[in-house]
Amino acid sequence: MASSSGTKPHGEGPARMPLRKVTWSTTMVAEPKEEVGGGLDSENVPSSLASIVPILRVADEIEPINPRVAYLCRFHAFEKAHYVDPKSSGRHVRQFKTNLLHKLEKDEEETKPILAKTDPREIQKFYQQFYEENVKEGPVKRKPEEMAKNYQIATVLYDVLRTVVPHEKVDDEINRYAKEVELKKEHYVQYNILPLHTSGATQPVMELPEIKAAVNALRKIDNLPQLSPNALRTVDDKEKSVHDLLEWLGVVFGFQDGNVANQREHLILLLANVSIRKRSSQEENFQLDGAAVGYVKDKIFKNYLSWCAYLHVKPNLNVPTTPERQQLELMYIALYLLIWGEASNLRFMPECLCYVFHKMADELYGILLGKVSAASGGDYKPAYTGEEAFLHEVVTPIYNVVREEAKKSKGGTASHSKWRNYDDLNEYFWSDKCFKIGWPMNLESDFFVHSRELHAKDERHFDQRGGERKPKTNFVEVRTFFHLFRSFDRMWIFFILAFQAMVIIAWSPQGSITALINEDVFKSVSSIFITAAVLNFLQATLDIILSWKAWGSMAYSQILRYILKLVVAAAWVIILPIGYASSWKYPTGLVKFFSNLSGNWRSPSFYVVAVVLYMIPNILAVILFMFPPIRRAMEHSNWRIIIFLMWWAQPKLYVGRGMHEGIFTLLKYTLFWILLLISKLAFSYYVEISPLIRPTKIIMDMTIGNYEWHEFFPNVKYNIGVVISIWAPIVLVYFMDVQIWYAIFSTLVGGVVGAFSRLGEIRTLGMLRSRFESVPLYFSNCLVPYSRVDRRHHDLDETGDRKNVAKFSQVWNAFIICLRKEDLINNREMDLLLVPYSSGDIPVVQWPPFLLASKIPIALDMAKDFSGKEDTELFKKFDSDPYMHSAVIECYETLKDILYRLVVEDEDGRVIRRISEAVDTSIVNSTFLIDFQMSGLPELSNKLEKLLVNLKSERWHKGESEDFEKFKAQTINLIQDIMEIITRDIMTKEHAVMEGVETSTKQKFTMINFHLTQDRVWMEKVFRLHLLLTVKESAINVPMNLDARRRITFFANSLFMKMPKAPQVRNMLSFSVLTPYYKEDVLYSENELNKENEDGISILFYLQKIYPDEWKNFLERIGASDDDLSGHMEQVSHWVSYRGQTLTRTVRGMMYYRQALELQCFLDTAEDHDLVGSYRSGMLDMKYHAQQALVDKAQAVADIKFTYVVSCQVYGVQKKSEGRDRNCYLNILNLMLKYPSLRVAYIDEREEKVNEELVKIYYSVLVKGGEKLDEEIYRIKLPGPPTVIGEGKPENQNHAIIFTRGEALQTIDMNQDNYLEEAFKMRNVLEEFQRTRGRQPPTILGLREHIFTGSVSSLAWFMSNQETSFVTIGQRVLANPLKVRFHYGHPDVFDRIFHLTRGGVSKASRIINLSEDIFSGFNSTLRGGVITHHEYMQVGKGRDVGMNQISQFEAKVSNGNGEQTLSRDVYRLGRRFDFYRMLSFYVTTVGFYFSSMVTVLTVYVFLYGRLYLVLSGLERAILEDANIQQLKLLEAALASQSVFQLGLLLVLPMVMEIGLERGFRTALGDFIIMQLQLASVFFTFQLGTKAHYYGRTILHGGAKYRATGRGFVVFHAKFGDNYRMYSRSHFVKGLELMILLVVYQVYGHTYRSSNVYLFITLSMWFLVASWLFAPFLFNPSGFDWQKTVDDWTDWKRWMGNRGGIGIQPERSWESWWNEEQAHLRYTDIRGRVLEILLALRFLIYQYGIVYHLNIAHHSKSVLVYGLSWLVMATVMLVLKMVSVGRTKFGTDFQLMFRILKGLLFIGFVCVLTILFVVCGLTVSDLFAGILAFMPTGWAFILIGQASRSLMGVLGLWDSIKELARTYEYVMGIIVFVPIAVLAWFPFVSEFQTRLLFNQAFSRGLQISMILAGKDMRTSK
């Protein structure tokens, strides 16, 4: 790479040989491949030959100047490549050599020397010429980047020269030049932000005093111990130079040079930025501020000091109070940063880094003090020293442990309990056992045991046996739903006890709350304490069971606590029942049993005492809850006495301490939950529980003997089966509906908080116009920093408004011009929206023309028609409208200025001056209407308009045109006409004006200064005056584009919201933006734009119809037409990419930060006169470019304040690839060239020789854009592949985070966007880090998002509204008042230093951290962080737009929440939050998904309960009972849960937020439209997605990252694709529910009205329909007949294809079926058993229905059921015979097989005939039999899948598979037939299109034309 240029070949290199004699046999294996254009790509070089890249780059660079020297460079590269890898053993080396040799042969013939006759003289002359022109004179003329490249070229050229020219023949002068280059080249290397080593002209950024101070402080090394010569000697026998503290540390401890260089700049920028804020005076001081160093030290080591205190060890931060104190502090800081910068994957283990630092800091202190080594008696030396010692000896061994543990996970399929993840390994360092590792590290210690280094030969063996297992640390992630109870036990105990109490009260005779007064009822209610004891015992048992596999690593005190907790819980389970029984005089039942046990303890007071004792811990907890500071102090305390006292209640843990909020915050969320719980419990009591009590009592007293099946337990008392069937769904609803109550309350609270935050105050253009006058003032209050002088005089200054508008106009105009560049507005709209910069000659504020529309024409009409004589009345009319007042004065002043400057003759000027003086005098004397006649104003306006049109004309720029003179004459005539109208028609005293003016015969106003048309400022006045005169009422509605309106109104509204005062850019916090990128789209190519889909639609055509106004604006901007885009395709490509979810869009958006900072820095430093000037061309073209000092300073400050790093993980691979990947590389490179401050980090994989073997070496590399290619800045070697251990995205972020800078870090996904106007508010946002919120300043700042993909389709609109409500009102409530907001994805802003010392901005353990983002929020909160949410700034975000994309996203999120449920983070938060905050945490994270699953489960429980009642005959017996018939309450209670299935209440937050921000009328309209577009169907469908994937993840695992794709065109998904995606999650479940509903209807219709049936089951039928048909309803062209036919053909082919190795699931049903069961292959025995138990539910159909068959003749004998199994076995046997026959005889004995099938058919007919005739079988029995036996067959399949290995042993697996194929056919047909029927009717397809794309219709989308395809496109 560039920075590694100039390396010598090994030794002197081989002697140069003639080209033809180079050995071909080792390289040439095939015909060489021609490169594009016949060239050779210098970037596409095998990784093992990376050292020749600089040579090839130089060859490409100089080839246009001297092709022969370029040829010599390539030949040198070839020789070097041959020397490095003579056998071509590296990957792709042979092919590369062949291509290079082919290129050399061609160049040998085509190139000749230019400067001399021979090659040696040629290269010497060229080198001399290059040196003198580019190196010798360079430092004065060229930038550091150019000089770095020139020195690189000179170095390479000299290496080439030495191989071409014999040593003795090299000119002495050239040798002298080469020595100078060698000496100086280290001062000209590629740099990132700070050119620290650059000689020559000093860069502006290096002139900043704080940078100089930091550099000087780090370079103070004179007093450090001298380093030995051996330590300074490098591997290639060069001597290192040590210039600063970091280089000294690098040599002493063996850090890499790249790491040292990276952290040097990091530390300098950090110190400089902090120093700027900490310094009290603004004077230049080149001494580093001690307070700044102290601040950085405290912040970086806060976690380390906490760790030391926790482990009771003394911190190794020995800082004596000596003059060297600051130096030592800097060395400790630098040491930590160097450790962190090279730690690779260990950065996810912050306490591991604390341990490493602890040991190395001790060594550092020993070295500095000159201690004597205890072992050797010599100088104190570090344990590890030498080049790259830290990487090889410290990082790599620990990395190998992590990597080996990750391998045990078997790609995430192994159980979490079988391997240790990042958290387990990090938590090893939470105990003092970690010190057993020692230093130097003992690789035989407990931590490293069983973690041998993996070699290739034993990896396969390792994978098979899974490696040796170590115990987990502190926590075990076991797949069970009991984690929900364990983590949130207080909530479940509360709800269970409340339910018990409410049932007891409702059961009492009074049946109301007043029953508590009754002593017996009160005693009964007091039994809840027994229930609490039992639940606590369950909790204690779970603690032991679920943590069993971690006991090996636990402290004995922790194990003892678990055991004692269990013993105490067991004791209470015995004591409380005995005490309770003793309080009853006449106990019965179970109470009597415990009463007998109590013996002599029978005293009511005993139970009271027991309860009081039992409640003491809870009472103490309540007291501490009311005093959060005490609780916080106790948890943070490291005093052993406090730890002992807290041991029982809450064992000490390193994280999760002191999370309690302040009292005021606590009161807020406590009140929220108290009101919610009261409402929820009241509703549950009066609507769910109380109505069921009386029917339940009646049912329990009934005696039912008439069963309709064989009842195995006919003597069960109280009809307990019926009671369970009725109560089970109610109980589930009771536990689930807290989620709905939360939705209601959070909506109300969120709306109130949003209203008080002033959201939605400006939501329309009308509101903006009415308040625009105050916008500049609020802008100044928020976004303009004031100095102290400004603050003192601001309110008193008369020109305050002018100053406000002056600065506001700069920012506003930059915003408007940005909208124009983004094509959201056209040129005219831009002109109407721009605000002129303050001008000294206009005495009023100049508002944008859209506010002044029609003001001048109206004023003219008012003046013309004014009948009064008093001036004041007319002026009062003008003054009543402030905008009209401004417009009139501005128009007059501008006209006066234009005319005065236009005339050349002094006499003409005097006339104009006299006229203006007359006007001014008449106004002062109130004689204006007397001195001037208003009737002439319209004529004057017309002439003036014509004059302005002439002046605006382009003809002035074409002076050579033929009619120029004629046009000039017209203009003069117009001016003369204007003056004549003024003097003769308007003025009543013309003679008074003309007095004193020379009365010559020469005609006036003939000499005009036409050169003024070249003056931009003057021309802008002409343009603006013309607008004032001509703009009509329609201009009020600009801009027309909805997105432009949204952005303008939001920006204006945000200025009225509460935000911190903006500091000066110089004083703001510095920040970075980090974007992880893998292989997503960067920029759409021309081919991709024009590639048509199956409907003949291209992306370009699609977007032209989606965004017609923006396309029209784009064509206007580039000056092209629709018909001819040739020459503009690159711009078209960008236009399309800026409307997709591409990296190009994201980078453009993030680079707005830099643009905003440069403008703001200019405004901070500019004087008032600097702000006056042109306003059309935007910030970067403004006249202050002439003031280079201001520009340079602005850019320098922006450099140190903002960094943008894109982590393109596979950039290096893409560079060497072809096709799409290669295009991605080129597009990323172009982004770096376009945005010089953009940085790209990537993982480089190289093959390097180690001990004569090629091994893969990995690097983290940072590059920037050079002149044409990328330039390497830093390269840091890694211990191994960094992305194979954890989840991809966090690992990608982690490797690049070391290249970020600043105190804050914004994480941005690559499907996000940013807006310039929002970027202006970034410094306000960062100030939030300076404000204390509760107990400390925030550590994560949450920002709102705007979902920009909502306009594509109705689905995208639903998703957009749902997501918008979550990122606004949802997170608003989470942050305030609930205090449980976490990190839900980007664009949150992190306190960078806080998080880099605590594990980073995400967690990366495989699978468990699938939702990596939220875990960073968990981690931040557990470690004492505070997370806030701010809505005055927003960032754009793209979402999935197609049904399948959305479902994959929901599946991924559901998987992630399933894994969260099992995680230690959720457990710790659930246990350590206070009760109410824990409730908030539950309902807003995993509780939402659990409630979704329970909602679905409720339907199942309800319907299976109905199935039991209806098939057993119990429902008939109950409903026909006279007592029950009198009660309608039962039916109401049965149906009450159906209300909750509608899910409409979950739309409430969406409606509230739309109402808040866009008006409630709009919200209501949107809600109605959403329902008409079947939004309820969509949300109901997604409910199934959540429930399926969440439940399956907890039971069996199988969570994985699902790439959803971010494509444009909404395409038609084939039936087969939909079937594969939704078969198990929706179709199977939908069909099961449908069968349940059918059976319930068929066997209960005789005694039940259809109205009751519909009332109870309506929502369930809706659920079934949604789950079965939503994918097709929302599938474009889903009901197109031809596509339906094609889909059926495709699906049949797929079903028939056989599977096998390498056959993809998309091609074969068998492959897909095997993949669908993957989770069962990896689940444990519990999962298999549970799956089998769940499958048994399908057997109830057969058992119940066979007794209702007519052939059973009402027999209740068990024999009927037995005969049904005989029938089932016969059917299975026949199917098996057919299957075996097809396999055995289908080919060789086809006739025999056909005879067999014929006999089977005849036998089947005979049996049916006998059954019909003899046994009384009926046709209805056949259909009933299908309902009975089909579920049984499905049960066989499920059981077979769960016990696959057993089925294989029994030889039944193939039969199971064929049976499953049959069922799949049946299910496919059932689902497909309704679609086919509907597709037959053309209007259905048209309706669907309208339904899907209604949003796009409202924006002008002609979707019918789009989906019609090519023909209609061409016809149009």
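Glycine too: its Cβ is placed from the backbone N, Cα and C atoms.
Keep in mind that this is a model prediction, so the values were computed, not measured.
Record note: among 329-353, 1479-1503, 1479-1503 is the stretch given as transmembrane segment by TrEMBL.
Proximity of the transmembrane segment (1799-1828) to the transmembrane segment (491-508) is not established, fewer than 3 Cβ-Cβ distances being under 8 Å for residue pairs spaced 6 or more apart.
Across 563-584, 1479-1503, 1865-1883, the stretch most heavily in contact with the transmembrane segment (716-734), judged by Cβ pairs under 8 Å, is 1479-1503. Under 8 Å from some Cβ of the transmembrane segment (491-508) lie the Cβ atoms of residues 484-485, 515-516, 518, 521, 524-525, 527-528, 531-532, 535-536, 681, 684-685, 689-690, 693, 697, 731, 734-735, 738, 1475, 1478-1479, 1482, all in the same chain and six or more residues away from its ends. The listed stretches are 604-627, 740-759, 1479-1503, 1729-1746, 1865-1883; of these, 604-627 has the most Cβ pairs under 8 Å to the transmembrane segment (563-584). Averaged across the domain '1,3-beta-glucan synthase component FKS1-like' (327-442), the predicted model reaches a pLDDT of 89. For the transmembrane segment (1729-1746), the list of distant contacts is 709, 1504, 1507-1508, 1511-1512, 1595-1596, 1635, 1639, 1643, 1720, 1723, 1752, 1760-1761, 1763-1764, 1768, 1824-1825, 1827-1832, 1834-1835, 1838-1839, 1841-1843: same-chain residues at least six beyond its ends, Cβ to Cβ under 8 Å.
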